[in-house]
Amino acid sequence: MADQLTEEQIAEFKEAFSLFDKDGDGTITTKELGTVMRSLGQNPTEAELQDMINEVDADGNGTIDFPEFLSLMARKMKDTDTEEELIEAFKVFDRDGNGLISAAELRHVMTNLGEKLTDEEVDEMIREADIDGDGHINYEEFVRMMMAK
């Protein structure tokens, strides 16, 4: 999987890896993994980090070497918001299936997620994502918003 990375990506990952390999022994500790990945623009949850560490740290010694790290990053990058996932997420918000997310639809989904938002907050979210200014979020605007996170 790491063979799908460009030389530039590998060099970038090596540089980040080296920053956290304090003693230069070619390994980083598992608790440093989250810091390394965040420095590369990934945003794993604690649960995801634990899963990744469990997958990579086969001997359970608490350290990860560079080849393991490369494999991990390649896998993580491949998993980053595929088009199918974005389409599915858009459909969750676009409750009436008209290809647009309205303020009411956004409020409904956010409320179901436990986010109690004021009308002003919902309107602000729409405004931030609404590139063409029609008061709704279309699929293209949704993708841009999701990729900007």
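Easy rule for this one: first residue shown is 1, then count along the chain.
Glycine is no exception: its Cβ is also placed from the backbone N, Cα and C atoms.
As recorded in Swiss-Prot, the features of this protein are as follows:
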{"type": "BINDING", "residues": "D21, D23, D25, T27, E32", "note": "Ca(2+) 1 binding site"}
{"type": "BINDING", "residues": "D57, D59, N61, T63, E68", "note": "Ca(2+) 2 binding site"}
{"type": "BINDING", "residues": "D94, D96, N98, E105", "note": "Ca(2+) 3 binding site"}
{"type": "BINDING", "residues": "D130, D132, D134, H136, E141", "note": "Ca(2+) 4 binding site"}
{"type": "DOMAIN", "residues": "8-43", "note": "domain 'EF-hand 1'"}
{"type": "DOMAIN", "residues": "44-79", "note": "domain 'EF-hand 2'"}
{"type": "DOMAIN", "residues": "81-116", "note": "domain 'EF-hand 3'"}
{"type": "DOMAIN", "residues": "117-149", "note": "domain 'EF-hand 4'"}
{"type": "MOD_RES", "residues": "A2", "note": "N-acetylalanine"}
{"type": "MOD_RES", "residues": "K116", "note": "N6,N6,N6-trimethyllysine"}
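Feature annotations (Swiss-Prot) mapped to structure.
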residue	record	Cβ within 10 Å
D21	Ca(2+) 1 binding site	21
D23	Ca(2+) 1 binding site	6
D25	Ca(2+) 1 binding site	9
D57	Ca(2+) 2 binding site	17
D59	Ca(2+) 2 binding site	6
D94	Ca(2+) 3 binding site	21
D96	Ca(2+) 3 binding site	10
K116	N6,N6,N6-trimethyllysine	9
D132	Ca(2+) 4 binding site	10
H136	Ca(2+) 4 binding site	19
Close recorded positions near E32 (Ca(2+) 1 binding site), where close means Cα within 10 Å, chosen from D57, N61, T63, K116, H136: T63
Nearest of the binding-site residues (D96, N98, D130, H136) to T63 (Ca(2+) 2 binding site) - Cα to Cα: D130
Distance from N61 (Ca(2+) 2 binding site) back to D25 (Ca(2+) 1 binding site), taken between C-alpha atoms, in Å: 14
Tertiary contacts of the domain 'EF-hand 1' (8-43), as residues 6+ beyond its ends and Cβ separation under 8 Å: 2, 49, 52-53, 57, 62-66, 69-70, 73, 76-77, 80, 149
Distant-in-sequence Cβ neighbours of E105 (Ca(2+) 3 binding site), under 8 Å, six or more positions away: F93, D94, R95, D96
Which of E68, D130, D134, E141, all binding-site residues, has a Cβ with the fewest other Cβ atoms inside 10 Å: D134
Distance from T27 (Ca(2+) 1 binding site) back to D59 (Ca(2+) 2 binding site), taken between C-alpha atoms, in Å: 13
Distal contacts, the domain 'EF-hand 2' (44-79) - CB-CB under 8 A, six or more residues away: 1-2, 4-5, 9-10, 13-14, 17, 26-30, 33-34, 36-38
Per-residue Cβ crowding (10 Å cut-off), top of binding-site residues T27, N61, N98: T27
For D57 (Ca(2+) 2 binding site), the three-state class that DSSP assigns: coil
Other same-chain residues whose Cβ falls within 8 Å of the Cβ centroid of D21, D23, D25, T27, E32, the recorded Ca(2+) 1 site, in sequence order: F20, K22, G24, G26, I28, T29, T63
Near-site residues: Ca(2+) 3, ref D94, D96, N98, E105, CB cutoff 8 A to centroid: F93, R95, G97, G99, L100, I101, S102
